[in-house]
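J.: One structure follows; several queries about it will come next.
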């Protein structure tokens, strides 16, 4: 009897440990569910189909930027220019669509240009951090200043509107289903495919131990560069969503998103040191940031207190996530 | 050739001296001053240099705390300094409310606030073992929220005339008080890092925390102290910034958050910690300020200015501690 009990104890700990190892985003998922329930209690409509679609529509950009950030964090790097890339792509596609007439063809061409701009920015970051071996935090801060300057060059003042065809589609419905849900499905498939590629695994092994990865024959520099390139592409996708949501160009629109994308990655259980994490977690992290914001609003916090309460809640969530994740994985 | 390879490297090798971050920074400062004078005569006049030094002192004081946290290693970094500078500026403005009699109270209040923020950061980083980037990022969010609350409740305060004078007017030997303050901070930092037990511990913890712990050093207490000092230095900078601008406005401190880190890197302290010092950081802060000032002097658009600034920062970083190439 007693031996059974003693034996059962570590077994249970192991199950939890295995679960968190396999799904590092579990603590985040619990926080997400709790937040959804709380949101539902204070404002039942917020967890309805329409309410949740609205939440996704608003935070899809942050989710994508958090995904972008995740790929560089996998390899133990960081991208403080992610928000600046969003701004640059935003003004680039608006300007391109505007110049090409604003029709369907122009929108598609604009999106293509946007992806190229995002990719180019990512490659610049990759060269600076991986090839030239500058320290990621300061180097990507420097590139963020450069990208912001470029965005200001393309569009000195905010306000140029997006073509109607573009934001109508983003905010509209196809076959009675909101467009963003299609986007989410495509995104999910894309992430599944990416998770199955060699690149994700290679990024993680570089982040886990760069020296070991190098010694086992991995092209470490190229892998880190590819991580930054992927980050640039997803930042471009985030810019598409922001543009669909705000329907206008703003050379500074993404600046504030950078630090939130880092917070979302950490909330999702991904280690900033690299080598451990999931993109699913980052998506959940972005939703947590969104839900904390709406919950603070729904409980009737006076408007001037909202930022403070939100800030404290995010700090506590960050700490709780790290503590729970560590306790479970020990 | 072969004989040269065999001779032990001279202690005063010219190449080593030229590659010292401090030397690089000072050389670049001198070069930029000449360039500025060439582009716009009067740029390197005494009055202008004095103004540059005042601005550099504000950045340099923030960077002192940042420097300490980074030296302590384990990915040490303090993103909350931007929030603390803004917070201190508004607290100081309200406590002194334009009266000289309130200066002492304002200084005490701001230092306490800065120390408190640093203490919370330090506890989070050591006792709860939250990575410094995450902890101070979260703290930044809290402070930004706090600033919104404070701003809604009370009017933004004014600097006391004595404080403004201290920051902008000549105080001793033609130099404003803030520059003397910065020099004193520089001497204290050099003393702290080079001559005291605490400084010895900071380097030890920064280069090998495990070994420092095994040697019986109070690792956690020391690291908490570093964050507390970082908060206090940011608070001092916030008070001085209030004196410089006369009144505090929204998020004045944010402009110091990442540049303070760059000043440290330009000063030759790598983000991995354990080596470097504050003298270089002072030069780094001056270098950053001169660079920014040149860009405001020459007549180009804001967009061009930012592009040149970003590209120049990258170029300068090539001079400083690039990572080691991977070897099998």
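A Cβ is built for glycine as well, from the same backbone N, Cα and C atoms used for every other residue.
Pulled these from TrEMBL:
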type     : residues  : note
TRANSMEM : A:23-42   : transmembrane segment
TRANSMEM : A:48-68   : transmembrane segment
TRANSMEM : A:80-100  : transmembrane segment
TRANSMEM : A:106-129 : transmembrane segment
TRANSMEM : A:136-155 : transmembrane segment
TRANSMEM : A:175-195 : transmembrane segment
TRANSMEM : A:225-245 : transmembrane segment
TRANSMEM : A:257-276 : transmembrane segment
TRANSMEM : A:283-301 : transmembrane segment
TRANSMEM : A:307-325 : transmembrane segment
J.: Look over the recorded stretches A:48-68, A:80-100, A:136-155, A:283-301 and say which has the most C-beta pairs under 8 A to the transmembrane segment (A:106-129).
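T.: That would be A:80-100.
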J.: Which residues, given as numbers and ranges, are at least 6 beyond the ends of the transmembrane segment (A:23-42) yet have a Cβ under 8 Å from it?
T.: 267-270, 276-278, 280-281, 284-285, 287-288, 291-292, 294-295, 298-299, 317, 320-321, 324-325, 328
J.: Three or more CB pairs closer than 8 Å, sequence separation of 6 or more: does that hold for the transmembrane segment (A:80-100) against the transmembrane segment (A:283-301)?
T.: no
J.: Which stretch from A:136-155, A:257-276, A:307-325 shares the most C-beta pairs under 8 Å with the transmembrane segment (A:283-301)?
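T.: By Cβ pairs under 8 Å, A:257-276 leads among A:136-155, A:257-276, A:307-325.
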J.: Which residues of the chain, 6 or more past the ends of the transmembrane segment (A:225-245), have a CB below 8 A from one of its CBs?
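T.: Contacts of the transmembrane segment (A:225-245) (Cβ under 8 Å, skipping residues fewer than 6 from its ends): 57-58, 60-62, 64-65, 67-69, 71-72, 74-75, 77, 79, 82, 85-90, 93-94, 111, 114-115, 117-123, 125-127, 129-131, 162, 166-167, 169-171, 183, 194, 199, 203, 253-254, 257.
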